[in-house]
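Residues annotated as active site, proton donor in Swiss-Prot: Tyr81. The NADP(+) binding site annotation in Swiss-Prot covers Asp76, 186-187, Gln212, 241-251, 317-325 and is backed by similarity to another entry. Here Swiss-Prot flags His156 as substrate binding site.
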Amino acid sequence: MTGTQILELFGPAPEPPSELGRYRILSPTAGIRVSPLQLGALSIGDAWSADLGSMDKDSAMALLDAYAASGGNFIDTANAYQNEQSETWIGEWMANRNNRDQMVIATKFGPDYRAHELGKGLAVNYSGNHKRSLHMSVRDSLRKLQTSWIDILYLHTWDYTTSVPELMDALHHLVQRGEVLYLGICNTPAWVVSAANTYAQQQGKTQFSVYQGRWNPLRRELERDILPMARHFGMAITVYDALGSGKFQSRKMLARRKDQGEGLRAIYGRQQTAQEEAMSNALGVVAAQHGIESVTAVALAYLLAKAPYVFPIIGGRKIQHLHDNIQALSLRLTHEEIKYLESVGDFDLGFPYDMVGVDPADTGMATPIVAQAAPMAFVQRSKAIGYSESNKGLSE
C-alpha cells in the first residue's frame, strides 16, 4: 500500500460542503453524530396549507435534497404532522434516494394522528402517553418512514394520564427490540422529566437523552428549570419556535413578502407584535455588525451560544431560507450582543432564583449565601462550541 493510499484510508475526511456537515455529538447520553441545525418537517406536506402554507411534493423533495446536499443529516417530524404526510413523504424521499442509513430521523407520538381519516372521537387510543398509543404509533411510523428503526422517538406532549413506570417501561421495550435507538421528550414540565429519568436510572431502563421545547430570544422560560434539568441528566435540547414562529423578520423582508402577496404564516398569530418587531430590529442591528442581512441567522446563533448540546430546528419551505439559516453556524456572538438581544424581552427567572441565585458553574460567581461565608473561586462548566473563556456567549 502506497503512502497516498494510506493517507486516503486513514487520513481525515474532506471539509464539508457547509458548516451543516460539521457534525456534533447529540448529548452526553447519546453518542449519535448529528448536524448542528435540524430540519423541521412540520411544513412537509400540503394537508395543513391553510395555516402553514402549501408545499407540494416536488418542493418538499427539493428542500430535503438541498438540506442533505449541504451536509445535513438530522430531520425532525411527528406522526401527526400534515395528517401523516410528513412522515410518508420523508419515507418516500429516503427510499428514492437510498439514503436511510445516512439520515438521523426523529419522530414523535402522543397526539391523535388518525382523526383526520377516522373522524373526531373515533380514534381515542391513537392518542395519549399510554402503551397502546405508543405501540400503534411506532408501528405506523415505521411503515410510513419505510424503515426498521427510529433514531429518536419523542413523547410529543405530556398529558398527565399515564404513570411514569408504564411510559418508561414501554419505551425501554422498544429500545430493547431495536425499533427505537434513543428517547426524547417534548413539552413536558421539568419535574416530570426528572421523575422519569430518575426512575429509568434506578430501574436500569433507557433514559430520555434529549428534550424538545420552545425557546428564542423572546421566549426564555425554558432557561428557568428545563435547561438546568437537561444539564443534570446529560440531555440535549432541540429547539422549536427558534425564529419566533416566523415573525422575526426585517422590514425589508416584510416588504418583500407583501410585494409577493405573502403574509406571515404562524401558529401563534399572523401579525408581528410590538415586541416581535422590536426583537426583529435588534436582530437586524446585530446582523449588520456581522456583515449579513439575515435576522434569522442571528436568532439561531443566539441559541447556539447559550449552552452546549443545543440544536435549533429550522423549518420553512424555501431553499434560500435554508442557506440563510446555515450562516448562523459561522457567527460568534459577543457577550454584549447576547445581552443586547435579551434586553428587548422581559424574562425573569423569578423565585427561588431571585433569592438563592444561580449555579456558580454557570456564572463563575458565588451565590449570596456562599459569598457571605468567604471569598470563593469556582470551576465553570463547558461552554457552547465555538465559545471560549475569552468569548463568553453563555448566559451569565
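Placement of Cβ uses the backbone N, Cα and C atoms for every residue, glycine included.
Here the features listed in Swiss-Prot are placed on the structure.
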residue	record	contacts (Cβ under 8 Å, 6+ apart)
Asp76	NADP(+) binding site	Gln38, Leu39, Gly40, Ala41, Ala106, Thr107, Gln212, Thr238, Ile313
Tyr81	active site, proton donor	Ala41, Leu42, Ile44, Gly45, Trp48, Glu87
His156	substrate binding site	Ala78, Ala80, Lys108, Phe109, Gly110, Pro111, Cys186, Asn187
Leu243	NADP(+) binding site	Asn216, Thr296, Ala299, Leu300, Ile314, Gly315
Gln320	NADP(+) binding site	none
His323	NADP(+) binding site	Ala66, Ser70
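Cβ crowding, taken as the number of other Cβ atoms within 10 Å, peaks at Gln212 among the binding-site residues Gln212, Gln249. Secondary structure at Gly246 (NADP(+) binding site), as computed by DSSP, is coil. When other Cβ atoms within 10 Å of the Cβ of Gly246 (NADP(+) binding site) are tallied across all protein chains shown, the result is 20. According to its DSSP assignment, the residue listed as 'substrate binding site' is coil.
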